[in-house]
Ligand SMILES: *[C@@H]1O[C@H](CO)[C@@H](O)[C@H](O)[C@H]1NC(C)=O
Ligand SMILES: *[C@@H]1O[C@H](CO)[C@@H](O)[C@H](O)[C@H]1NC(C)=O
Ligand SMILES: *[C@@H]1O[C@H](CO)[C@@H](O)[C@H](O)[C@H]1NC(C)=O
Ligand SMILES: *[C@@H]1O[C@H](CO)[C@@H](O)[C@H](O)[C@H]1NC(C)=O
Ligand SMILES: CC(=O)N[C@H]1CO[C@H](CO)[C@@H](O)[C@@H]1O
């Protein structure tokens, strides 16, 4: 029987992990890790943090070009900056040092993000901001599978930067020139040829000599800032930092031919080309193109609408698998308890079907409320504003456990007195109310209110134990004591939690006190009062039952809960609880 909460949680887990995409929050974290790695690239290069890029990533940077595969992308996204930072001379490309997120949209598995990076230029002791806009697609392992990056205002950045760095560059080059074009060309030639002479040797040699390199590099145009992927000095300058990693791949890029990187490019082709393996369009009718082969366009649009629907707690056309499975489990649980009672309890076999069903529900109440109470206790930090994803989930599960149990009870029991029915209706209504308001207002304190309210339903196990003992003819003395105790305990707890709820509402739900949002407050107070009334009645009934057992005990004639059962039954009808 204790396997039951376990089964439920296993099934819930299966349902949860079966979903293809992660929660949006996982993408926020992945973006943060990526941005952190970008501002601390050496940790990716030396392998101390795993690359955020997938094996077959395809990346494109508007001012340069498209890069295919993890190794190449790692070199350009991280290696370029590690090498730049290790140089002692002024670099045209600064080192990312910190970032702020300016815009962010998550639509799993895609993210659009705009980061403002502070690029460090240590030789002039300055930081300049550069905004980078990225469209990113993640794969199932939360690795970047496609990214399309735009260096916003790069031309403007470069134009702004140039006059600030050229004086320092002139000093480093021992040049007396003040002509920026000349100085930048000199600088580019100097740095590229240094790398080429040092690393592009043997089979990888691309220039006849350092002089030949300088000759070529000082005569080729530097190019415009946005031409980082074209046949010019700027493109070769960008690629110089990678030469050290894989000379065989990168030397051609800085050589006279430009390899497959620094070449003439066609604007129209560049603009129309879509080099990515994974789509960057988040809204899609299906994960698999084959599945939608025969679906007309219009219906594909409808499928997108279905796939992107946000499910609220009040959405009607929504099938809650966990809820349905839970209702089935309640049914199975009832059958299992019936089986064991029938097998092992003489009293059960001889009692009326009404009382049999009542007894079964006491056991179910006991099991479910213990589970619910445990979940609530674990999530109790929400009462102190310590909200967590897990706590919110546990509270919703608790609400489901209790609501489902009550509905099952309403249908399973042969008859129910109105106080108990009122109690169940009010409790379910309160849960529905709080969850609906929570889903529309996202006021987190509603979680706390729900937690306190649910305690009223999950701290009356002693009552179920007492009633069960009574019903199953357990020792009269013990039965009486447990019933007395249950009456007092449940009364105190319910009163306590009702007072706590009102206090909590007064303190934390101020926004619902005003005339606009007053509905919740009115309903909350009405429901609390109604529930209190049924609960006072319930505690009174349990107390009365205890007194009755006491009377039987002191009166030798009719034996305690045995012979006078049909009479007890009437009393019990009122009793069940509350
Ligand atoms: C890798 O680089 C990071 C950041 O610079 C550094 O903190 C870490 O110690 C390095 N790890 C190794 C193994 O070199
Ligand atoms: C500039 O001059 C200094 C010393 O005069 C020398 O060490 C350095 O190598 C020169 N730099 C270049 C790029 O010629
Ligand atoms: C700077 O040098 C370039 C190339 O040598 C030349 O075309 C340009 O006119 C010069 N600019 C100024 C302001 O002297
Ligand atoms: C939808 O997904 C399929 C399969 O991944 C892909 O082939 C197709 O291009 C996507 N559609 C859009 C509009 O991105
Ligand atoms: C796995 C896969 O489809 N990889 C392809 C990704 O895109 C690049 C370039 O567009 C191809 O070269 C890969 O084969």
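Cβ atoms are placed via backbone N, Cα and C, with glycine included.
According to TrEMBL, the protein carries these features:
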SIGNAL    1-20  signal peptide
TRANSMEM  316-341  transmembrane segment
TRANSMEM  362-383  transmembrane segment
TRANSMEM  389-408  transmembrane segment
TRANSMEM  420-440  transmembrane segment
TRANSMEM  452-470  transmembrane segment
TRANSMEM  482-506  transmembrane segment
TRANSMEM  518-546  transmembrane segment
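Taking every listed stretch (316-341, 362-383, 420-440, 518-546) in turn, the largest tally of C-beta pairs under 8 A with the transmembrane segment (389-408) is reached by 362-383. In this chain, the transmembrane segment (518-546) touches the transmembrane segment (420-440); three or more CB pairs sit within less than 8 A of each other, excluding pairs fewer than 6 residues apart. Where the transmembrane segment (452-470) meets the stretches 316-341, 362-383, 518-546, the count of C-beta pairs under 8 angstroms peaks at 362-383. Beyond the ends of the transmembrane segment (518-546), by six or more residues, the same chain brings 419-420, 422-423, 426-427, 429-430, 433, 437, 449, 456, 463, 466-467, 470, 480-481, 483-484, 486-488, 490-491, 494-495, 498, 501-502, 505, 509, 512, 571-572, 574-575, 577-578 to within a C-beta distance below 8 angstroms of the stretch. Counting same-chain residues at least six beyond the ends of the transmembrane segment (362-383), those with a Cβ under 8 angstroms from any Cβ of the stretch are 1-2, 4-5, 330, 333-334, 337, 390-392, 394-395, 397-398, 401-402, 405, 408-409, 444, 447-448, 451-452, 454-455, 457-461, 464-465, 467-468, 471, 504, 577.
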